[in-house]
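Trainee: To start, I am sharing the structure in question, which I have written as structure tokens.
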Amino acid sequence: MGTQGKLNDGSTSIWQKFGPLFALLLLFIVIAALNPSFLEPLNIMNLLRQTSINALIAFGMTFIILTGGIDLSVGSILALSSALMAGMMVSGMDPILAILVGVLLGTLMGVLNGLLITKGKMAPFIATLATMTIYRGLTLVYTEGKPVTGLGDSELFQMLGRGYFFGIPVPVVIMIIAFFVLWFLLHKMSFGRKTYAIGGNEKSSRISGIKVDRVKIMIYGIAGTMAALAGAILTSRLNSAQPTAGQAYEMDAIAAVVLGGTSLSGGKGRLFGTLIGVLIIGTLNNGLNLLGVSSFYQQVVKGVVIIVAVLLDRKKS
Amino acid sequence: MKIEMRDIYKAFGQNKVLEGVDFDLEPGEVHALMGENGAGKSTLMNILTGLHKQDKGTVKINGVETVFKNSLEAERSGLAFIRQELNIWPEMTVLENLFIGRELTNAFGVLKTKEMQKIASDIFKTLNISLPFDKEAGFCSVGEQQMIEIAKALMTDAEVIIMDEPTAALTDREIEKLFEIMKELTAKGVSLVYISHRMEEIFAICDRITVMRDGKTVDTTPIPETSFEEVVKKMVGRELEDRFPHREAKPGETVLEIKELSRKGVFNYVNMSVRRGEILGVAGLMGAGRTEIMRALFGVDQADSGEVFIEGKKVSIRQPIDAVKHGLAFITENRKDEGLILDFSVRENIGLPNLGSFAPNGIVKANEEKQFVEMMVKRLSVKTASPETIIGNLSGGNQQKVVIAKWIGTSPKVLIMDEPTRGIDVGAKREIYELMNELTERGLAIIMVSSELPEVLGMSDRILVIHEGKIAGELGRQEATQEKIMALATGGN
């Protein structure tokens, strides 16, 4: 009844809105105090570039988690589309065209996930667990387990991962553009409203005339696209496609989304939160490296940060 | 058990819910607790059963002042609270549900199934219930699930059982059964608190009635000394005109026609039609297939065969979006589960089926949406602090108005209302009836499925009675009576 309902008023609490941002600032201050070189522009640019790949994947993941789903296959999609792009380039295709085709193939891989989940009525976890190994397996088959190299020297392709745009690394520019495009899609367009609605209550959404299946398929398609785009950047950075690329990237993406305050049960969260979550993870990686913390300990710290963030998030309610 | 609650105060933050409530319960009585939604009934009972602690005031049990630390302690002391949302594990069997959390085990922790069955069958015998122990609770009817809860309460030797809207989802036969059980319980000295919005039932079964309004007790009276009108007056604090507004229908041409609609094992060869400006009442027992017919009509479930015509044209409805496009709207019986998105604001809920018009090219025109929502909120007099309030914080009646608002926005030709006033207080009910009249005056056709016979009789222009998946008969407004409807609904004639 009304009385109990009033207890949980203010469902977007201060923590939910700004908590991750405070955490990021705190992290910045602590690391900068311990090692002032952290704040040098070169390092910050480096940090952002390191972050951009996880950011792109996590943006797509945010949509999926908002509907109450999950996608474990994004790392494999990254690898497979990267291998296919590289393969097309090696066989002489125009690099830009190869990238476009490769990204489109990533979209299709995501759409296939969506079809399994909606039309095949499979749980997202199971469906994408299966496609995770399928896409990874196909990558290994296609590359015969070896890196694909000899991608030519197209300047535009080199730019993608290594270039600068007015002093800002191109991957960072792509991350920023992707953020604004997806932010608009999620918060200003009916597509975004439908995404939240499905996560909030799928039955009500369907009865309200939302084509739930179609929206979900599109969302998994977006996640696939973003993973493949990240794959393109990685391919350019490494000037090769690695068969083991992107392994466990889905975990970093999920961690970023959760750190950003999005609920794994769907319906609640914001894309801005994910951006902050990505930056927290990036800052931790970069900062701990700078402070000389062993990469073994870094993993422990990352896990602890996730637990603390979720506990704080829980406390609000 | 004798209970005296004196001068109880309780506030949640700024929100004062109880402001000096008195409540007494004698051994072996059925005590009705009535009041509009938000009057504080649930909070009072939550204090009695240890979920909340009062800010001020005393609770005496058998003359001893008592403060329970938590609900478990209250339960152990013999107070059971059967909530509106039943506490049932649908995937577990009846027996498992009965003993959940207090299974009997031997020294090694192995379940003593035989012994549990013995205890359960004894309880079922005293209650005169027959239910197979190995049936999954999810396959039991709501009535049967309630019986499980009552049996559970008795197994803990409850001396006080509080029932919150126990009959909201029961068929008339199940209600009769419940009343028999209640009588047996009181004969054993168990006291019952009966929270309900259904006046007829309260006057049929209760000994005394306490009316609450705005967090205060209005008074407590023996049932024989009061009347229906008096109770309503106390509840709303003013004279309420007749329960149903005057209705004058001028039905126009047929807008929706269903021919031979069937879904195997659920309903067969259903024919019905509804005209502009008409309210078609659909009555029948729970499980007769009324809701299922509406769900198939709206494309939520698939019909196996049959045809649907809208304004004379045959249409194909495979999923809800098709129904919406053809001018149908569906207010489901369960607004929390299927009608609303509880985390969404009032604005977002009303906007949902109307995104097509606010976002013709995908971009939501925030201003248009806001204006539309404000207009709707005003027109339906939804009581909400702002359109941005999360819908879960509104009372049941106001939530229902939002469900209606979101569908009116789509300018439907036919509005299907399944149990339009379930769980809503008297004042809000009347407002919804008035709204239905206003909508039909503008030419909307309404199909109203309802289990409340007075509502069916008071609002319908024509009544269809469903029995076991078939239309058992049709009654005009003038000829319809409760007896005739019940005869058709139970398969008589």
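Placement of Cβ uses the backbone N, Cα and C atoms for every residue, glycine included.
Relevant sequence annotations retrieved from TrEMBL are reproduced here:
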type	residues	note
TRANSMEM	A:14-34	transmembrane segment
TRANSMEM	A:55-84	transmembrane segment
TRANSMEM	A:96-116	transmembrane segment
TRANSMEM	A:123-143	transmembrane segment
TRANSMEM	A:163-186	transmembrane segment
TRANSMEM	A:217-235	transmembrane segment
TRANSMEM	A:271-290	transmembrane segment
Trainee: Top stretch among A:14-34, A:55-84, A:96-116, A:217-235, A:271-290 for CB pairs under 8 A with the transmembrane segment (A:123-143)?
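Mentor: Comparing A:14-34, A:55-84, A:96-116, A:217-235, A:271-290: A:55-84 has the most Cβ pairs near the transmembrane segment (A:123-143).
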Trainee: Could you check whether the transmembrane segment (A:163-186) and the transmembrane segment (A:271-290) come into contact, where contact means at least 3 Cβ pairs under 8 Å with the two residues of each pair 6 or more apart in sequence?
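Mentor: Between the transmembrane segment (A:271-290) and the transmembrane segment (A:163-186), which are separate recorded stretches, there is contact, as judged by 3 or more close Cβ pairs.
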Trainee: Do the transmembrane segment (A:14-34) and the transmembrane segment (A:96-116) share at least 3 Cβ pairs closer than 8 Å, excluding pairs fewer than 6 residues apart in sequence?
Mentor: no
Trainee: With a Cβ cut-off under 8 Å, give me the same-chain residues at least six positions beyond the ends of the transmembrane segment (A:217-235) that come close to it.
Mentor: 52-54, 56-57, 59-61, 63-64, 67, 69, 71, 74-75, 77-79, 81-82, 85-86, 99, 102-111, 113-115, 117-118, 151, 160-161, 171, 174, 178, 182, 191, 195, 241, 245-246, 249
